[in-house]
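Novice: Pasting a structure here, questions to come.
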Amino acid sequence: MMESAVTAHTLRIAMAQFDFPVGAVTQNTDRIIEYIAAARDEFEADIVLFPELAISGYPPEDLLLRPGFLAHCEQALARIAAATRGIVAVVGWPQSAGSVVYNAASVLREGRIEATYRKRELPNYAVFDERRYFDVDPDGDNCVVTVKGVQVGVVICEDLWFAEPLAKTVQAGAELVLVPNASPYERGKHAQRDALLAERTRESGAAIAYLNVVGGQDALVFDGASVVADGDGTVHPAAAAFVDQWLVVDYAAGERSFTPVVWVDDGDESMDALAWRAVVRGLKDYCGKNGFRKVWLGLSGGIDSALVLAMAVDALGGENVTAVRLPSRYTAGLSNDLADEQCRALGVKLETIAIEPAFEGLLAALGPLFADTQPDITEENLQSRSRGVILMALSNKFGGLVLTTGNKSEYAVGYATIYGDMCGGYAPLKDLYKTEVFGLAKWRNTVGGAPVIPPAVISRPPSAELRDNQTDQDSLPPYDVLDGILYRYVDQEQSRDDIVAAGYAADTVEHVLRLVRLNEWKRHQAAPGPKVSRRAFGRERRYPITNGYSGQ
């Protein structure tokens with residue numbers, strides 16, 4: 001954390017970039033009250049700003065349908081208001097008003113609720129479905145209050161992506177606008193956000209303090225990266241992404257400009273660095289918030305499980321991670337050696353349980369029915385399911401969460417065994433294509449000294465090792481081709497003809513698209529994993545399992 005010298009200022013704003021877990025109303029309220037005291041007493045702030053729906057956490061989803069939950073949030077706001085002696089606080093909460101609920105932010109001062117703003121633009125796309133829960137107040141007022149002679153307005157998150165809410169707030173007299181957010185991370189979002197802030201400040205002339213929540217919530221990871229922008233369009237360097245921290249700024253009213261006072265620099269803002277930190281934060285918070293102190297994973301000596309192991313160690317510490325080597329008759333000696341090498345390097349306990357007894361037992365049990373058949377993918381899947389049973393048994397007996405190691409490419413085309421390698425409670429690589437997995441592994445090996453993933457893991461051909469001399473490319477196109485097609489089809493919703501026009505072979509495109517369609521049922525049963533792309537599998541890509549449409 002860096003601090004600049006305290007200088008004369010018109011307004012000091014303390015922006016609370018912290019994690020406010022969904023549903024933890026009492027915990028969030030206690031922390032908000034503590035943060036109010038810190039902002040007033042430690043930073044001598046005039047205003048303390050909290051994220052969107054800080055009291056309830058975001059997104060509360062169907063908790064908002066429970067009257068008791070809404071009443072609890074309202075009671076919490078009253079408690080918080082009572083703590084606002086000598087400081088102004090802006091706090092997000094779900095406001096119940098008869099039969100409707102608003103996504104609201106209230107201005108609290110000297111023990112009372114001075115004003116409340118109700119969000120006008122409710123996102124209803126991708127991961128958002130706010131119109132399921134919230135209403136827009138057609139008669140809602142602008143929220144502008146005076147703090148030390150400065151006219152301060154409030155709008156909420158999505159409101160900033162439309163010109164009208166900010167314009168109306170400025171027309172009502174605001175020169176400084178506070179924007180509480182709960183905006184989840186995806187690749188490229190920081191540049192998009194900074195461009196938006198520059199545009200909005202230039203067109204309105206208002207200065208903007210943009211606060212985003214931080215932390216993992218199921219498949220969503222909120223990155224923080226809060227930022228301020230001067231009235232002339234200058235966007236200051238952001239606070240660190242995925243870090244709980246204060247961002248304290250001094251606002252000069254006459255100049256409509258900010259001077260950062262307390263902040264944490266973001267450091268490496270490369271795409272790989274941000275994606276890594278998103279996954280690690282998502283994994284850490286999923287475990288912590290759901291009561292898992294340790295994790296298990298099957299370590300094969302391949303790239304996917306090696307990357308998940310490194311992520312788990314970064315998230316939880318090596319002492320809380322147990323890797324399990326599950327060799328079969330088809331496992332190469334190199335695979336065993338690489339698993340052992342990585343665990344030694346990371347200080348992770350490695351257990352070895354051969355799957356041959358379980359596999360042979362299943363073959364014997366099924367033998368009478370399989371007598372007149374030839375071995376095929378069924379026998380391959382029995383190996384994967386044997387591994388899944390063993391990992392889940394360890395979790396049941398000793399506690400801890402099993403991590404699955406599949407990637408987005410595999411989930412897309414069904415190159416994963418349901419109840420086998422898909423067993424587990426969290427999928428760190430779920431929104432990373434195989435080519436991105438390789439890229440992240442190479443990037444992580446450049447950070448912090450010795451490689452955390454053996455280089456031979458990265459360089460060897462990917463293989464499920466379920467039969468002799470098997471490689472992934474026996475069943476799939478090369479990953480650079482496969483991922484190029486998948487990105488266009490899944491992330492960008494391009495048609496078959498569009499993808500072929502981009503240079504991909506028509507028969508390959510048709511094969512890949514058919515696999516995607518056929519494996520919707522598998523994806524519906526997959527564990528959650530952190531969203532890092534514009535279009536992740538899960539709540540933002542809602543295709544029916546039973547689907548008669550085969551058009552492109």
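Yeah, the Cβs are placed from backbone N, Cα and C, and that goes for glycine too.
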Novice: Using only what Swiss-Prot says about deamido-NAD(+) binding by N381, E410, identify which of K189, K522, K531 is listed for that site too.
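Specialist: Looking at K189, K522, K531, the one Swiss-Prot places in the deamido-NAD(+) site next to N381, E410 is K522.
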Novice: Going by the ATP site in Swiss-Prot, where G298, L299, S300, G301, G302, I303, D304, S305 are listed, which of the candidates T169, T405, T417 is also part of it?
Specialist: T405
Novice: Measuring Cα to Cα, tell me the gap between C157 (active site, nucleophile) and S183 (L-glutamine binding site) in whole angstrom.
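Specialist: With distance taken Cα to Cα, S183 (L-glutamine binding site) is 7 Å from C157 (active site, nucleophile).
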Novice: Neighbours of the deamido-NAD(+) site N381, E410, K522: Cβ within 8 Å of the Cβ centroid, same chain, sequence order.
Specialist: S384, G406, G414, Y415, A416, T417, I418, G420, D421, M422, N519
Novice: What binding-site residues among S183, G298, S300, N381, K522 are found with a C-alpha within 10 angstroms of that of E52 (active site, proton acceptor)?
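Specialist: S183, listed in sequence order.
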Novice: Can you figure out which of G298, D304, N381, E410 (the binding-site residues) comes closest in space to K119 (active site, for glutaminase activity), comparing Cα atoms?
Specialist: E410
Novice: Looking at the domain 'CN hydrolase' (11-253) alone, can you tell me the average pLDDT?
Specialist: 95
Novice: In the structure shown, with every protein chain counted, which of the recorded positions K119, K189, K522 has the densest set of Cβ atoms within 10 angstroms of its Cβ?
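Specialist: Result of the Cβ crowding comparison: K119.
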Novice: Should C157 (active site, nucleophile) be counted as helix, strand, or coil on the basis of DSSP?
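Specialist: The three-state answer is helix.
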Novice: Using the residues the record lists for deamido-NAD(+) (N381, E410, K522), what whole-number Å value is the largest Cα to Cα distance?
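Specialist: Site span for deamido-NAD(+), by Cα atoms: 15 Å.
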